[in-house]
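Listed features, source Swiss-Prot:
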type     : residues : note
ACT_SITE : Asp104   : active site, nucleophile
ACT_SITE : His422   : active site
ACT_SITE : His427   : active site
ACT_SITE : Asp461   : active site
ACT_SITE : Glu470   : active site
DOMAIN   : 678-770  : domain 'Fibronectin type-III'
DOMAIN   : 771-880  : domain 'CBM2'
SIGNAL   : 1-46     : signal peptide
Amino acid sequence: MSVTEPPPRRRGRHSRARRFLTSLGATAALTAGMLGVPLATGTAHAEPAFNYAEALQKSMFFYEAQRSGKLPENNRVSWRGDSGLNDGADVGLDLTGGWYDAGDHVKFGFPMAFTATMLAWGAIESPEGYIRSGQMPYLKDNLRWVNDYFIKAHPSPNVLYVQVGDGDADHKWWGPAEVMPMERPSFKVDPSCPGSDVAAETAAAMAASSIVFADDDPAYAATLVQHAKQLYTFADTYRGVYSDCVPAGAFYNSWSGYQDELVWGAYWLYKATGDDSYLAKAEYEYDFLSTEQQTDLRSYRWTIAWDDKSYGTYVLLAKETGKQKYIDDANRWLDYWTVGVNGQRVPYSPGGMAVLDTWGALRYAANTAFVALVYAKVIDDPVRKQRYHDFAVRQINYALGDNPRNSSYVVGFGNNPPRNPHHRTAHGSWTDSIASPAENRHVLYGALVGGPGSPNDAYTDDRQDYVANEVATDYNAGFSSALAMLVEEYGGTPLADFPPTEEPDGPEIFVEAQINTPGTTFTEIKAMIRNQSGWPARMLDKGTFRYWFTLDEGVDPADITVSSAYNQCATPEDVHHVSGDLYYVEIDCTGEKIFPGGQSEHRREVQFRIAGGPGWDPSNDWSFQGIGNELAPAPYIVLYDDGVPVWGTAPEEGEEPGGGEGPGGGEEPGEDVTPPSAPGSPAVRDVTSTSAVLTWSASSDTGGSGVAGYDVFLRAGTGQEQKVGSTTRTSFTLTGLEPDTTYIAAVVARDNAGNVSQRSTVSFTTLAENGGGPDASCTVGYSTNDWDSGFTASIRITYHGTAPLSSWELSFTFPAGQQVTHGWNATWRQDGAAVTATPMSWNSSLAPGATVEVGFNGSWSGSNTPPTDFTLNGEPCALA
């Protein structure tokens, strides 16, 4: 789905002698009555309200989950793998690495650099918080990861690559990062089209990070400073707004321009180098920062975020120089966030959340909280010191769970946290659907969601609400830094066993199978390879699978043939002999890119027939075990990835289905006194007015004599039951039935010793005489999965004609005004209520007895009554 963000509005090594700041001309705080809302001036908790160290620990983990590129050996996120390995190839560079911005997969350099600067600032302000929480190594890993990317993105002094991936194309696909199918173009700024904002911000990030690495790795710190100097010179010399040059405007437009970054970047270079000329540059550029409309007051009714760093520079320069103009600007800004200025204050919810803007409101509150904590440490004004400190603690505690919902807004932390953030890889869909599966498959520990978008404390944990449930690297930036300062002040303990091990929620790459067409001289199987991988998501492009079978007595190996009427992989040709009477057929899907990225992309279908003439019996075939008339996991068909088994169990020599021994083992048939297991629950298909087909899963026999066959019984309504036939197969065709009549069928297994199993029964009703009849050319099964005003429809078409079709057209009419919104495996057209589906190139032909599956997403209102008037190439179809 497409997600477009609207415009937001939305102790350094070389510090000078410390000056405590006093607001000499500070105005008195506004009264609560003037504002009509409660003041955020209550005393903060003397003891920690939450385990801030745990929250910081999980926030560091979130940044690891956002990594792009080849992951390191110490990767802690079990559901993440290598991704974006071709980034930069379009421009002949290695631009791998860095962070994915949010729940999408674009690497936006502007917010990425801001995030790095804020994280580094937090470590500079409170190294003790990171050390006491045990998170300093993880912080440095994260900062090194992103700065390594900045180094790659800055191949020459006046060139900076600022974006990889196209936001519009990226947002049209919903799937995990490891299998992204779209092109990922690279975009740069240079003298011909400059970006002073992003270049100066990246300079700030590298300069601030160099301070964090200066003691441990001075050589790396020096490299960062060198790049920072070049980038700042580039930003200052060639002035321009980066979003005029790259397609980031719909996502991260530079609304505030580049003036704030010129101040911000110069300040951090001063802190990294001790060169006073950078401080002078910061102070000079400061005077050109924006002001409130029709005043000479610096802007104060917004806050520090990825776009505008002015507010951070108020505090940094006040702290560094002690000059009154910076102090006044910092006070006015933070007063607006606490007690108000000139009768105006940021809106507050009844529960105490400061709500600046709809999108990412908690992010803005957390950023402001961090800078307020920094400022509160260095000012002398006791009223403001307490006010700003307590405001900050209150906002962070609100995010952690101190709110009217008594719920955390940090994934995987605290009480009732969000479980379904708007994040493609954490969701783990394999069908390119934001709605499926219903719950996220992975826990995106530490991610701060956007939270309530209005000052009403209301929130719903809904992945499709991408305003309240968006997560992003910049959301956690000031939040992490504030947590470090609260750990330093209040303490806390990281979890000893974090992160917990995530186990897959089921088979990831597997084979399903069903009986496609029953026969007495052959076995015809429909097999479906599915790739639903998520630990991590991965491509299957060297897949093969094997179907093992036993050659029955009287069947000549030379008579065995294998064929395929419908195959999305390579056509099987040979039968392979293992030993004795054990053989297998191998289906080669090498070259087919099967990945968890869509309805069609995550699966491949193969219909194959193994024919051997009279005497053919699949009941003792290894791979036939458990296969019925509906697609279901087939654990005895073995799937390989480049020769390595990833699904299924292969037979050992001499082993037979059910665990029995091969020839020469077990008891003699006459000694068998154990009845076989009951057949699987019968299913009914191809129902007409006079016939139907029963299918069931094979019975097993542990007594040693083996299953001899099955007896089929039938009764109509309350009439008398009669035996209607016997078979050695797992299917039986019922004929001579009455139209519009309810029948009960029963299947009983018997072994070679005469033991009889329990009965398995099924009830069905034949069609009325006008319901398609025995001569219907096709059968259509139609099923839906409904939600709110939408639904997913699956259609299974079985062709019953005698001559193959080279192409086909399915037609039907919606009875209740439904609309097709997106389809797969066919080209869909709708004219009013009339719908037609025509094939893709790979499923255009239909052999007699073949089946094709198609589907679509749709919308409905009132009722979702299913269509019933299906035709195939103009001929009416029976309903399955």
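Please read every residue number as a count from 1 along the shown chain.
Placement of Cβ uses the backbone N, Cα and C atoms for every residue, glycine included.
Features as recorded by Swiss-Prot, highlighted on the structure.
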{"residue": "His427", "record": "active site", "Cβ contacts under 8 Å, 6 or more apart": "Trp174, Asn420, Ile434, Pro437, Asn440, Arg441, His442, Arg463"}
{"residue": "Asp461", "record": "active site", "Cβ contacts under 8 Å, 6 or more apart": "Pro418, Arg419, Asn420, Asn469"}
{"residue": "Glu470", "record": "active site", "Cβ contacts under 8 Å, 6 or more apart": "Ala102, Gly103, Trp359, Gly360, Pro421, His422, Val449, Gly450"}
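When the active-site residues Asp104, His422 are compared by the number of other CB atoms within 10 angstroms of each CB, Asp104 has the fewest. In the three-state DSSP scheme, Asp461 (active site) is classed as coil. In the three-state DSSP classification, Asp104 (active site, nucleophile) falls within coil. DSSP states for the domain 'CBM2' (771-880), grouped as helix (H, G, I), strand (E, B) and coil, give 3 helix, 59 strand, 48 coil. Looking only at the domain 'CBM2' (771-880), the predicted model's pLDDT averages out at 84. In terms of DSSP secondary structure, the domain 'Fibronectin type-III' (678-770) contains 0 helix, 44 strand, 49 coil.
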